[in-house]
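Read through the structure below, which is laid out as structure tokens, and then see the notes.
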Amino acid sequence: MAKGRGSASWSARAIVTLMAVSVLLLQADYVQAATYTVGDSGIWTFNAVGWPKGKHFRAGDVLVFNYNPRMHNVVKVDSGSYNNCKTPTGAKPYTSGKDRITLSKGQNFFICNFPNHCESDMKIAVTAV
């Protein structure tokens, strides 16, 4: 009989532990990636450089660039290319007009490399934590 009671006691503890873990999992806040449409008007265009101000980005968040592909594009670049408005060799422009780009941890730099567009502040720098 003692053996039976020990098994029941162990089973009861296992159930209580399982229930506690379940409650914790249900209450946990799961961090999900956020999606941001670039540009105050929802369009990737000139004078976008200030758009990221006041926003908090995380690695895995997605930036959506909406634009007319006959007039603009998006190129992910490094800080030097961003500051100089130069497209590095081998950089692949996004050209769909509805590009979705996932942020990596750290600094992320984007420009339009159509002539004189980056120089007209069609560029953004985003830091993702």
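Residue positions begin at 1 at the first shown residue.
From the backbone N, Cα and C atoms, a Cβ is placed for every residue, glycine too.
Owing to the predicted nature of the structure, the values given are computational and were not obtained by experimental measurement.
Listed features, source Swiss-Prot:
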type: SIGNAL; residues: 1-33; note: signal peptide
type: DOMAIN; residues: 34-129; note: domain 'Phytocyanin'
type: BINDING; residues: H72, C112, H117, M122; note: Cu cation binding site
type: DISULFID; residues: C85-C118; note: disulfide bond
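The Cu cation site, placed at the center of the C-beta atoms of H72, C112, H117, M122, has further neighbours from the same chain whose C-beta lies within 8 angstroms: W44, T45, F46, Y67, M71, N73, I111, N113, F114, C118, S120, K123. Annotation for C118 (disulfide bond): spatial neighbours C85, I111, C112, criterion Cβ-Cβ under 8 Å with sequence separation of six or more. Mapped onto DSSP helix, strand and coil, the domain 'Phytocyanin' (34-129) counts 9 helix, 31 strand, 56 coil. Sequence-distant contacts of H72 (Cu cation binding site), defined by Cβ-Cβ distance under 8 angstroms and a gap of at least six in the same chain, are W44, T45, C112, F114, H117, M122. Each of the recorded positions C85, C112, M122 was scored by the number of other CB atoms within 10 A of its CB, and the lowest score belongs to C85.
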